[in-house]
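Engineer: Below you'll find the structure I mean.
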Amino acid sequence: GDILDDYLRTDGVWILTRNKQFYKTHNEKECAEKCEAERNFNCRAFLFTRKKLQCLTLAENAKMTVTFNSTDAVLYEKKIYLLQCRRGIGKDYRGMEAKTWRGIPCQKWAEKTPHNPNYTPEKHPNAGLDENYCRNPDGDESGPWCYTTDPATRFDYCNIPECEGQCMQCNGEDYHGEVSRTESGLECQRWDTQEPHMHGFTPKHFPQKDLKMNYCRNPDGELRPWCFTTSPTKRWEYCNIPRCTMHPPVSGLGSQCLSGKGEDYRGRVAVTKLGNACQHWSTQFPHRHGWIPDRYPCKGLEENYCRNPDGEKRPWCYTINSSVRWEYCAIPHCDGTEQGIAGMSNVPMEVPLPEECYRGKGQSYRGTTSITASGKKCQAWNSMFPHRHEKTPDRFPNADLRDNYCRNPDGDNSPWCFTTDPSVTWEYCNLKRCDDHTQD
């Protein structure tokens, strides 16, 4: 990559600094090379003047000293010294935290009291052992540390947060980093363009998904962040975003009752509302499915407990009944308005809804059936898992493609949907055509 990619550029700024070196260079890249090769001090930034072609390598950056305007100057600061968070174990952390997680001030790396250090700036000149800042010169798995000023505590770890923008929690639904290449190295297509690939994931229609520039994102609940590519022959591809290591998902936290759609429900109900026992999420029998616990670490897919990993109306599960693929579960509401199912012997049936039906080809159907003719659960229209498609709500704004309800956006013979079965792309829905005398 370009050597300047490691620097943050600011036009029209000058900074006052004591430690600096002057060089004559032709351009910013040559000045960056001088900064990388600087041996008089740790070069954290450099100034370049366009008219004089003058290069100043600096020991300080804008976080450490005074800045003022200078129209001809360009300030380049090493990004690594601006980060106040750590990537992975923080071996390259160069922030300015200087106390332990308990709040004890750190001892300067160059001093020998109260502790005689094994790691010093002389022995490890490339480890960034400046002042008394927390560092990780030995690659400690627990992250940056320092010798302390407490004679009774030789060293301790520092509380450096992990850089959320560089890694992803869960499946990366909240990833807001700036990676813009796929795992095979293809450049990502901008979300606000339709070339070379037409798509429905525009910033206008998904303002809450942070679809900036051409950065990798996960707006549709995929396994991990992805993007459309600039290659005409490759529509989309996953991006290589590492998982964050600092805050692993904690099993057992979450609601024990139903609020909203129950996406945060983590109770232990494991039987459907109609009395069918739930299939374990980690098994593929009797029903094959894509909700594998290892792939979705934050969805709470433990044992065979009812869950709502896909934004359904309420928690559900696959059943151990081979003829019933999935059903909703009866979860007590947090406000106590719905009966629990503990000790259920005679399972109460739901009050039957009027029979749903469609007229003509069903293009006007606006019911809430979300089951196919063979009993498969429908995939949500705004989801691309398990099937990627172009029948999105924004491309068919008049078709009412809400949730995963059966619809007929393309004038097929009757309402249909994509299925949640990875091996079956779509099916017609379990609906009858209306007769005039049955239609209210």
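Each Cβ is built from the backbone N, Cα and C atoms, and glycine gets one as well.
These figures come from a predicted structure and were not determined experimentally.
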Engineer: Among Cys216, Cys244, Cys257, find the residue that TrEMBL gives as the disulfide bond partner of Cys239.
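Structural biologist: Checking TrEMBL, the candidate bonded to Cys239 through a disulfide is Cys216.
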Engineer: With reference to TrEMBL, which of the candidate residues Cys257, Cys406, Cys417 participates in the disulphide bond with Cys334?
Structural biologist: Cys257
Engineer: Let me make sure I read this right: TrEMBL says Cys188 forms a disulphide bond with another cysteine. Which one, out of Cys146, Cys158, Cys227?
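Structural biologist: Checking TrEMBL, the candidate bonded to Cys188 through a disulfide is Cys227.
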Engineer: Based on the record in TrEMBL, give the one of Cys244, Cys298, Cys317 in a disulfide bond with Cys278.
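Structural biologist: That record, TrEMBL, gives the partner as Cys317.
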Engineer: For Cys378, what is the disulfide-bonded cysteine listed in TrEMBL, choosing from Cys357, Cys417?
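Structural biologist: Disulfide pairing in TrEMBL: Cys378 with Cys417.
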Engineer: In TrEMBL, Cys244 is paired in a disulfide bond with which of Cys158, Cys163, Cys167, Cys329?
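Structural biologist: Here TrEMBL pairs Cys244 in a disulfide with Cys167.
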Engineer: What Cα-Cα separation, expressed in whole Å, is found between Cys244 (disulfide bond) and Cys406 (disulfide bond)?
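Structural biologist: So the alpha carbons of Cys244 (disulfide bond) and Cys406 (disulfide bond) sit roughly 38 Å from each other.
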Engineer: List the Cα distance (Å, whole number) between Cys434 (disulfide bond) and Cys216 (disulfide bond).
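Structural biologist: Cα-Cα distance, Cys434 (disulfide bond) to Cys216 (disulfide bond): 46 Å.
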Engineer: Based on Cα distances to Cys257 (disulfide bond), point out the closest of the disulfide-bonded residues Cys167, Cys216, Cys357, Cys378.
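Structural biologist: Comparing Cα positions, the closest of these disulfide-bonded residues turns out to be Cys378.
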Engineer: Quick one: which of these disulfide-bonded residues, Cys188, Cys216, Cys278, Cys378, Cys417, have their CA within 10 A of Cys406 (disulfide bond)?
Structural biologist: Cys378, Cys417
